[in-house]
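Trainee: Below are the structure tokens for one structure; questions will follow.
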Amino acid sequence: MTRLNGAELRVAAVLALGGLLAVLDTTIVAVALPRFMTLFGAPLTSVQWIATAYALGTVAAMPLAASLAARFGTRRVYLVALLVFAGASAAAGLAGGLGWLVAARAVQGLAGGLVNPLGLALGFGSAPPERRARMTTVTGLPMLVGPLAGPLLGGLLLDATSWRVLFFVTVPPALLAAAGVLRWIPADAGTAGRSPVDVAGGLLLVPGVVAVAYGLSVASAGLPVRGALVTAGVLLVAAFVRRSWRHRTPLLNVRLLADRTFGRGATVLALYAAPYFGSMLVMPAYVQVIRGDPALTSALLSVPGAVGMGLSVQVAARLLERFGPRAVVGTGLALVLAAVTASVLVLRPDTPYAVLAVLGAVQGAGTGAVMMPTIASASRNLHGSDLASGSAILPLVSTVASAVGTAGVGALFTALTAAATGGQGLAAFGRAGDHAALAAHAVTAYRGTLAVTLLVMATALVVRLRTRPVPAAAAPVRSGS
């Protein structure tokens with residue numbers, strides 16, 4: 001059993017703290033949007049930019065992580081990102097108006113978008129290949145738990161204190177993480193200081209991923225505008241991939257996707273992240289709109305999943321060493337498929353929350369055996385500059401897939417609910433009428449949505465089971481070769 005040693009554990013703890021802050025800030029403000037509408041006297045379409053600015057900043061920064069790390073050193077860029085994140089968090093907490101708050105959140109997002117990919121790279125570089133899976137269970141866990149814990153923490157803080165605390169709360173931990181970086185992570189020199197910067201690649205990729213993310217996430221833009229943004233974004237990303245495939249020093253080494261282990265891992269990650277994160281959108285609607293229960297109830301329902309995930313990640317790391325990623329990830333996907341199938345079968349307007357909590361715990365346990373082992377196994381053959389590129393590509397794939405899944409699941413649920421309620425949709429619950437019948441129809445739509453996510457997750461299982469292991473000593477894929 002290859003345990004992390006003391007030095008590696010300290011590095012993992014520091015990186016996990018930084019990663020948790022970056023992910024928490026993605027979702028912690030969601031419960032505060034109604035408060036911001038009252039505070040600033042602005043409609044939802046305006047205050048949603050408090051969340052959207054952070055998300056777009058994150059997506060814009062992720063593609064730049066590998067290039068910045070190669071030029072200036074991974075630790076240096078990571079440290080600067082943490083300090084900028086802390087400063088932007090303080091600025092957000094001090095905001096005197098909506099514009100100020102949105103601008104501070106955008107800067108927060110830019111810094112947060114660098115923290116997780118660079119944290120993965122630092123973690124992988126701090127442990128030998130045989131202990132990367134263990135390192136990933138610690139450094140990568142916030143990427144899974146953060147989205148679940150954010151709304152719960154945000155709700156508790158908002159009820160007990162001022163909205164400003166939502167932003168101030170991350171400043172001390174960010175500074176603590178920065179101190180830990182200086183104390184326990186050795187400095188590394190940039191390896192591409194004299195290499196030309198791939199400016200053209202950046203001008204293709206960054207606007208491309210931002211356009212895709214924005215087009216998928218902002219419903220208020222209207223369908224024609226959103227469609228045009230997504231189409232333009234996809235074309236820009238495709239142009240970046242085509243250009244970078246032959247470029248000697250690309251912004252990201254996309255040739256890594258041709259490697260069987262890395263490419264299949266990225267595919268499994270995308271196929272799982274899209275329906276998993278997308279389905280998170282629907283449970284709050286089921287609890288708050290269909291059943292009429294408070295937001296805290298839906299937040300508490302996420303706790304069993306987070307606990308199951310946290311425990312599963314630790315067990316999966318041990319099993320990964322013994323049985324390999326194919327068996328571990330395949331088993332995790334099977335657990336998730338079983339939980340989602342059971343949800344489709346048992347979900348009713350009055351299904352006991354205890355049953356949903358158990359199913360959430362099972363799905364969380366399966367997710368813990370899917371996400372982090374997939375990232376660890378996909379990266380195990382990467383070294384040097386390829387490690388930085390791979391550590392940026394995988395979170396970017398997960399983030400974009402999450403945006404696709406959220407938009408797709410949201411649109412599907414809306415369409416099925418409208419069809420099941422005679423065109424009324426969830427808005428019918430705010431009007432007088434037979435709410436019991438409406439709830440039954442809406443739950444039918446929810447079950448149909450889950451059934452579709454089940455099919456996508458099953459595709460991920462097929463891809464995972466068809467992926468044969470590649471020896472760890474296999475040569476890495478180099479750009480420009």
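Glycine is no exception: its Cβ is also placed from the backbone N, Cα and C atoms.
Bear in mind that TrEMBL entries carry predicted annotations, made automatically and left uncurated.
Under the heading domain 'Major facilitator superfamily (MFS) profile', TrEMBL lists 11-460. Per TrEMBL, the feature transmembrane segment maps to 12-37, 49-70, 77-100, 106-125, 137-157, 163-185, 197-217, 223-241, 299-320, 327-347, 393-418, 438-463 (among others).
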Trainee: Within the same chain, where does the transmembrane segment (77-100) have neighbours whose Cβ lies under 8 angstroms from its own Cβ atoms, ignoring anything closer than 6 residues to its ends? I mean 6 or more beyond.
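Mentor: Residues 18, 21-22, 25, 36, 40, 42, 46-47, 49-50, 65, 68-69, 107-108, 110-112, 114-115, 118-119, 122, 164-168, 170-171, 174-175, 177-178, 181-182, 185.
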Trainee: Would you kindly list the residues that approach the transmembrane segment (223-241) from elsewhere in its chain, counting only those six or more residues past its ends and only Cβ-Cβ distances under 8 Å?
Mentor: 201, 204-205, 207-216, 251, 254
Trainee: If you count every Cβ pair below 8 Å, which range out of 12-37, 49-70, 299-320, 327-347, 438-463 shares the most with the transmembrane segment (393-418)?
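Mentor: Looking only at 12-37, 49-70, 299-320, 327-347, 438-463, the most contacts with the transmembrane segment (393-418) come from 438-463.
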Trainee: Apart from its near flanks, which chain residues at least 6 from the ends of the transmembrane segment (49-70) lie with a Cβ under 8 angstroms of it?
Mentor: 22, 25-26, 29-30, 32-33, 36, 77, 98, 101-103, 105-114, 117-118, 121, 190-192, 195, 197-198, 202, 205-206, 209-210, 213-214, 217-218, 251-253, 385, 388-389, 391-392, 395-396, 399-400, 403
Trainee: Sequence gap of 6 or more, Cβ distance under 8 Å, 3 or more pairs: do the transmembrane segment (12-37) and the transmembrane segment (197-217) meet that?
Mentor: no
Trainee: Under 8 angstroms, Cβ to Cβ: which one of 163-185, 197-217, 299-320, 327-347 has the largest number of such pairs with the transmembrane segment (438-463)?
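Mentor: So the stretch in question is 327-347.
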Trainee: Just to confirm my parser: what is the rounded mean pLDDT across the domain 'Major facilitator superfamily (MFS) profile' (11-460)?
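Mentor: Averaged over the domain 'Major facilitator superfamily (MFS) profile' (11-460), the predicted model reaches a pLDDT of 86.
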